[in-house]
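Record features, source TrEMBL:
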SIGNAL    1-25  signal peptide
DOMAIN    146-484  domain 'Peptidase A1'
ACT_SITE  Asp164  active site
ACT_SITE  Asp369  active site
Amino acid sequence: MEGKARNAPTLFFSFACIFLSLSTATTTLSTSLQFQTLTLNPLPNRPTISWADTEPEIQTSMDPTASEASSSATTFLSVQLHHIDALSSDKSSQDLFNSRLARDAARVKSLISLAATAGGTNLTRARGPGFSSSVVSGLAQGSGEYFTRLGVGTPVKYVYMVLDTGSDIVWIQCAPCKKCYSQTDPVFDPTKSSSFANIPCVSPMCRRLDSPGCSTKKQICLYQVSYGDGSFTVGEFSTETLTFRGTRVGRVMLGCGHDNEGLFVGAAGLLGLGRGGLSFPSQTGRLFNRKFYYCLVDRSASSKPSSMVFGDSAISRTAQFTPMLSNPKVETFYYVELLGISVGGTRVSGISPSLFKLDSTGNGGVIIDSGTSVTRLTRPAYVALRDAFRAGASNLKQGPEFSLFDTCFDLSGKTEVKVPTVVLHFRGADVSLPASNYLIPVDNSGSFCFAFAGTMSGLSIIGNIQQQGFRVVYDLAASRVGFAPRGCA
């Protein structure tokens, strides 16, 4: 799966992402602090979906299990990706934001629980028929924030799939359902697809599951994934063809779930983008050279779609790269090394690299996550950052706390303000955040809050609000993560 393709095709996902629009321009107001201008905009409304299932068929078929010599020529394609709010019922912008924070809290709790489990804490694993134990994801089932529309099977049936860097297994709800949650499209019926194939219990592909099951009657491989919120998916581990706007990727290993209990906000399943061996990037490593990027655009900031690219062209010449770190206890997540943070051009003295260290037992560390919204820092680091920002923003009128945010400002009646700059210092990469990535609206009355939060866990998480506007490059082949500012143009 890790061989280098002769001509690695490039796979695009275009998408419109959620959140506010806030433009920035860096200035210096004094010799001691650096500031930038924040243009104030309200909370965005619910995004709309405009997707046609009638797409021009491109005669390109790729098999991720094929040899390097048979890899296809470079292929470009564009697929919209939306924020999960677009599948929600008609809600106000305030309700959508509150729901986002609730999902965010559940996801962070699950991530921390999984990291603690990897570090040696006991976790009870659910069991099902044919299983000695289940794979425990640790993530809330509906916690992915972005989704796309892709085709499954032959003939193609189009469905919504959540994309998530915090998950590995690719799976979809399948008929007949023992129990399925409600989804927007009809449930996929594998018996009507000529490209669907069960995986035998004795197959090496079955053994790639952490805890495979086997149907003694049919001798076919079974999978079971339990999630941190108590939901789960159980079914046959199979191969199937996925179609991205006419380009067909064959023999993708995926779970065909007949018993799926939990809420998934209308999507039919999940396309895992994690670092583990069964994720979509890992499975298609020969095709795309184990490289991809995404760029998340604020809906209010730009009418251009966001994008996701697989292949060699994902590597940006303007990106600064930091090495990926490996946690042998949790292979899914993308760990990086955060050395410090600057506010107003000055390093925060209370933040040292030791606060973010990933130790030999798998505890601590910093991960990049597309499904977490608000960046969480281990408590001592957050308190030091918060205090430094409060001191630098003393010219702003303080407001009441809101939800998880303890540093908020009343900016009602203003159209723009000056705020101290914030820079994340990774090893080899200094990431200077736009003001819109750390001071965000929490209502439509002029209340803005500092979009970081503390956690009592040793695990810190860089969330998608702080990633907006950057091309975030995942180069698994070279074990590095890159950040290119203004990368969504």
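Cβ from N, Cα, C; glycine included.
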CB contacts for Asp369 (active site) [other CB atoms within 10 A, all chains]:
25
In angstrom units, rounded to an integer, how far apart are the Cα atoms of Asp164 (active site) and Asp369 (active site)?
8
Provide the number of Cβ atoms within 10 Å of the Cβ of Asp164 (active site), excluding the reference atom itself.
25
